[in-house]
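Listed in TrEMBL for this protein:
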ACT_SITE  ARG180  active site
BINDING   HIS92, GLU104, HIS160  Zn(2+) binding site
DOMAIN    5-99  domain 'Phosphomannose isomerase type I catalytic'
Amino acid sequence: MKRLYRIKPIGHYRIWGSDTLGDQFHLTNPRSIGEISCASANSSCDCEIYGEACTLSDFYKSHREYFHLSCEEFPLRINIMAANEDLSIQVHPDKTSTTDAQPEAWYVIHSDGSRLCLGHNWQKKQDFLDAVAHHKLLNGVRYLPCASNDYFYLQPGTVHAVGKGSLIYELTCQSDITYRLYDYERTDESGHKRPLHIEQAAKYIYYPQVLKQGTPIQLIQSRDCIQTVYQNDPGIFTLKKIELHGDTMIYHKDFHLLTVIEGNGTINDEHINKWDTLLQICDTKLHLCGDMTIMAASFKEAKTSCIAT
């Protein structure tokens, strides 16, 4: 049985993008690409699976036995973001009547002395609305410096923005509702300002803002491999980093999305390069060889461990 499936990435034009990221992914039209969907399965962006003549969402629905999940839709989405300018300041809602909550995780692949907007100093909703009315919103948001290899977890309701000069691996769910608070008065290609969503944002921002620390929860070391586990939360997602210099064996009980963010090598004799993303089905033994760094993401419903042994 085939256990690894290669996913075709999709590039997205962004007002804050550049040509660099599209070139690295060998896109036919790399202009102003700011975001790459490495794995996505929603109605607005559904990645193809090489050699299967289907999209990721169709593959999930047709092969539920490969995932051992009860959820009707494929649960995870992975993006690579390269910020040539500051991104808009925004918030994602908690669970609503029409959509699930949208937690996010950011792993900083590279930082040019960048900063991230994470959180705010408003004590209540009216403080936020007053700041907007008096054009002082930027005075109330929090900025943190970010360095390569930093990890951040963003619960729904967190005010956030990626800063200029950062290259980010983003893990989130398929829900894609974003409320924009501030956009630096920028205009799109047609000369129009992008819309803001002040009333909606005010409803879903958490007051006061308390951030969850993004620190590793487990370190698994062997002769040639270090696995750093950042998140292991049922119903949210699991995320770890695999740093390989040689070869190793890893068993995954749960399905994983494997994204190479540095180097190259092989997984079960299949050659992989930087920026490749593979879908690995459940109950799989992996033989990894090479010098590479892989972000491994998964989703689980039961309270059984999906960390490699």
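Each residue, glycine too, has its Cβ placed from N, Cα and C.
All annotation found in TrEMBL is predicted automatically rather than curated by experts.
Locations of recorded TrEMBL features on the structure.
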{"residue": "HIS92", "record": "Zn(2+) binding site", "Cβ contacts under 8 Å, 6 or more apart": "ALA101, GLN102, GLU104, LEU154, PRO156, GLY157, THR158, SER175, ILE177, THR178, TYR179, TYR204"}
{"residue": "HIS160", "record": "Zn(2+) binding site", "Cβ contacts under 8 Å, 6 or more apart": "ILE89, GLN90, VAL91, GLU104, LEU116, CYS117, LEU118, GLY119, LEU154"}
{"residue": "ARG180", "record": "active site", "Cβ contacts under 8 Å, 6 or more apart": "SER88, ILE89, GLN90, ARG194, PRO195, LEU196, HIS197, ALA201"}
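Other than HIS92, GLU104, HIS160, the residues of this chain whose Cβ falls within 8 Å of the Cβ centroid of the Zn(2+) site are, in sequence order, GLN90, VAL91, GLN102, PRO103, LEU154, PRO156, THR158, THR172. Secondary structure of the domain 'Phosphomannose isomerase type I catalytic' (5-99) per DSSP, as helix, strand and coil residue counts: 15 helix, 37 strand, 43 coil. The number of other Cβ atoms within 10 Å of the Cβ belonging to GLU104 (Zn(2+) binding site), over all protein chains shown, comes to 19. Taken residue by residue with DSSP, GLU104 (Zn(2+) binding site) is part of a strand.
Across the domain 'Phosphomannose isomerase type I catalytic' (5-99), the model assigns an average pLDDT of 93.
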